[in-house]
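As recorded in Swiss-Prot, the features of this protein are as follows:
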- CYS383: active site, S-methylcysteine intermediate (ACT_SITE)
- CYS145, CYS149, CYS152: [4Fe-4S] cluster binding site (BINDING)
- GLY209, GLU210, SER241, SER263, LEU264, HIS265, ASN340: S-adenosyl-L-methionine binding site (BINDING)
- CYS138-CYS383: disulfide bond (DISULFID)
- 131-380: domain 'Radical SAM core' (DOMAIN)
Amino acid sequence: MSISFDLTIDDTRDQLARHARASLEAKPSLIGMSREEMAAALIAAGVPERQVKMRISQLWHWLYVRGVSDFADMRNISKDLRAMLAQHFTIARPEVVEEQISQDGTRKWLFRFPPRGAGRPVEIESVYIPEEGRGTLCISSQVGCTLTCSFCHTGTQKLVRNLTSEEILAQLLTARDRLGDFPDKDTPDGAMVPAEGRKITNIVMMGMGEPLYNFEEVKKALLIASDGDGLSLSKCRITLSTSGVVPEIYRTGDEIGVMLAISLHAVRDELRDILVPINKKYPLAELIKACREYPGLSNAKRITFEYVMLKDINDSLDDAKLLVKLLQGIPAKINLIPFNPWPGTNYQCSDWEQIEKFADYVNAAGYASPIRTPRGRDILAACGQLKSESERLRKSERLALEAMMIAGHGE
């Protein structure tokens, strides 16, 4: 990379700083690599092949058990090797642009990732939901989304790109950093977290994006997250939520083996076509068939069906009856989600009395149908509310500019 020095001193400093950052960002991250990929990368960097298996074991422990983000902290690796690793690779965390804490203890982070050689930095949101005895991290798989589900705030942000396995895992690693969930890390004062054990006990792929439109990177990240020699999360505590990418549902069961959740939200094709437009490609009959055939499906490994409660849209008792009929014979749990409002939406949340009637009918038919307690609404961290802050700012700036132009024309 060439640098022009026909600049002021301040400009030169800025350009040199950008050059240094670009060099740093160009280095591949060891986070998110499979063991096979890490072996190839280490050999290419000059690690003797006879040492590779041992070095991978050391690195895996430091990255995923100890949670270090600086090669200098890897104390059982020689100084020369640490220097070589730092020259060729990075294990740095993303920038935490913002952390918001809800009155109910929910935390939302805005993470910024470097461009990695092209384009501009990207931002995504992750949410931590503490409950008694457990803590759930909601992770994003894409920057934006392609699905345009009409009730979902994320769907109003166009897809920018898929996240890499590194960026998916970095959300978990950084959240564990912030919560003191690695050895020798302190929990923030006043943080609402489980009283004993891990701070993050569960992860759900329910953040920004459709995970199954980024299958390979999501697969790699979740297999690392569930690896017994590292982060060691049980696959029964990892849930992948999809709007219904039918071909990849089969692959999810065969190749990843985590718990499955379906963003259902309607029991008639004509309504689901509007609420969840992917239904036009994979209608309900195909989706439900894939669910019935999901590998490992049992009463101990039920599918969760998510159903947002929209006033006078999908919340009638007739809808409840059709829901029970549609899912007949599938080991399932039905999460009823009170609609979380966001600026500009035309939908309203169902009345609480109607939600309870709906739940009572489904429960009486033999399906657990908990009503999800809204969490983090005051920081737009609740289900369906995620959208990167940078996108909101750009939109607000455009609106402000348009208002100024209108005002100018009116003079």
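Heads up, the Cβ atoms here are built off N, Cα and C, so glycines get one too.
Once the Cα atoms of GLY209, GLU210, SER241, SER263, LEU264, HIS265, ASN340, the listed binders of S-adenosyl-L-methionine, are compared pairwise, the greatest separation found is 19 Å. Looking only at the domain 'Radical SAM core' (131-380), the predicted model's pLDDT averages out at 91.
Secondary structure from DSSP puts SER263 (S-adenosyl-L-methionine binding site) in a beta strand. CYS138 (disulfide bond) sits 19 Å from HIS265 (S-adenosyl-L-methionine binding site), taking the Cα positions as reference. Taken residue by residue with DSSP, ASN340 (S-adenosyl-L-methionine binding site) is part of neither helix nor strand, so it is coil. In this view, SER263 (S-adenosyl-L-methionine binding site) is surrounded by 25 other Cβ atoms within 10 Å of its Cβ, with every protein chain counted. According to its DSSP assignment, CYS145 ([4Fe-4S] cluster binding site) is coil.
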